[in-house]
Amino acid sequence: MQNVKVTKARDSFTSGLGVIAATLGSAVGLGNIWKFPALTGLNGGAAFIIVYLLSTLMAGLVVMVAELTLGRRSKSDALTTFKVLHPKNESWALIGAAGVLSAFLILAFYTEVAGWVFAYIFKAASGSILSADPKVTSAGFEKLITDPVQSVLWQCLVLVFVGAIIIAGVSKGIEKTTKRLMPVLFLILVMIGVRSLMLPGAAAGLEFLFRPDFSKVTGAVVLTAMGLAFFKLSVGMGTMITYGSYFRDDQNIPMTALRVMLADLTVSILAGIAIFPAVFTYGFKPEAGPSLLFITIPAVFSQMPFGNVFVVLFFVLGAIAATGAMLSILEVPVAYLHQRFGMSRFNSTVLTVVLLALIGSTAALSNSTLANFKLFGMTMFDLYDFVTSNFLMPVGGLFICLFVGWVWGEEKVRAALSNDGQLRNGAIISIFLFLVKYVAPVTITVILLRGLKVI
Ligand code: PHE
């Protein structure tokens, strides 16, 4: 810690509740309402959920505790953290550098999907996307995503929106916003869930969600489930290191991580409960994939009484979820530029947002101008999504575990975690050490190699 220059008091989260709101705000996102239901629908319902849960417990949650601990100890951004904690070998900072890269790649496609969600609030309110005929809702969605101007504009709008909150700061921007939005999110989700459960197809929907079909679970599916576990908990790319650096010293890290994981899982399951009964009631297919949200939902919900209100609510829910997540991803490069180059928060945000608008447009134009521009058979949109969830985040997570468990070492981990008064007895720390040294690295390595067909 000797060589950290602390010039001015660092902005940070101000209360335990603020920490939970911001961290949960990061975890909950399009992952819960866009990826989780789509991937569950495609990959065998409950069987996929079980594999996802196991990866969360054996890898995702472990990396989360590791990242938060590193960040809180170093009080630094994702890259500088490694330099501060291990000045002898600066190559560990490559983990942070890869994290900053991942942040750009994730935001490139994430802000695009968020742009569609924001656009759909207005389209649903004006009634223009509502129809009981999926052909009509599908045509409406096609029209939006194949229009280069609309796609880029909505993405830029989203970027400016989250950029403005980031400029306001960690406590006055991120913490304040997420603290207000998270309760609204839960409220809307429960309302839609209850409405959906009252439909005649509720039983079929729930059965689909909770009955496992293991025949669909291949090596690639297991990797997808693990990728989702990383994506969901926002780990493997420095977000949790950055947020950890804003934690107070008496915050109980393992408990916070566990709470956030459980609350996030609840949101995913509630999203499934909100969506699948409705899908079954009106005879749609649960395997619609990513279009489930934009094509199936408007068609399904517009058939029920007051459906239009629920469609608007659904996309407001999506927008709220996406906002907390985008704030946390954007914070990774912003915190780095701010700390490393001494740039003001304003300047580092503007620079990041401009760069993102450029990279993001390659994703935004993936369905129009750049539809035929493919690498490894994928459009830029799909490539950014695939590379981050199925490669960069798990690999980042693996190296973070190796760093914490083997390089930084047991003693430092114990010292860093026993700041939390409640952890004095050390049993939880011992369990964490076992997981971070052995269980998580082996799990991640095996799943990665199998999923990418190396073994
Ligand atoms: N956890 C967010 C979601 O589920 C996405 C995210 C990924 C956020 C990586 C931060 C970092 O939507």
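From the backbone N, Cα and C atoms, a Cβ is placed for every residue, glycine too.
These come from TrEMBL:
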- 12-34: transmembrane segment (TRANSMEM)
- 46-70: transmembrane segment (TRANSMEM)
- 91-110: transmembrane segment (TRANSMEM)
- 152-170: transmembrane segment (TRANSMEM)
- 182-205: transmembrane segment (TRANSMEM)
- 217-241: transmembrane segment (TRANSMEM)
- 262-284: transmembrane segment (TRANSMEM)
- 309-337: transmembrane segment (TRANSMEM)
- 349-371: transmembrane segment (TRANSMEM)
- 391-408: transmembrane segment (TRANSMEM)
- 428-449: transmembrane segment (TRANSMEM)
Long-range neighbours of the transmembrane segment (217-241), counting only residues six or more past its ends (CB under 8 A):
23, 26-27, 31-32, 35-36, 39, 43-44, 47-48, 51-52, 55-56, 59-61, 63-64, 67-68, 70-71, 74, 77-79, 81, 95-96, 98-100, 102-103, 106, 260-261, 264, 268, 325, 328-329, 331-332, 388-390, 392-397, 400, 443-444, 447-448, 450-453
Selection from 46-70, 182-205, 391-408, 428-449, the stretch that has most Cβ pairs under 8 A to the transmembrane segment (91-110)
391-408
Decide whether the stretches the transmembrane segment (182-205) and the transmembrane segment (349-371) have at least 3 CB pairs under 8 angstroms, with pairs required to be 6 or more apart in sequence.
no
What residues elsewhere in the chain lie close to the transmembrane segment (262-284), defined as a C-beta under 8 angstroms and at least 6 residues from its ends?
24, 27-28, 31-33, 36-37, 40-41, 53, 56, 132, 134, 185-186, 189-190, 192-193, 195-197, 199-206, 208-209, 232-233, 292, 296-297, 299-301, 303-304, 314, 321
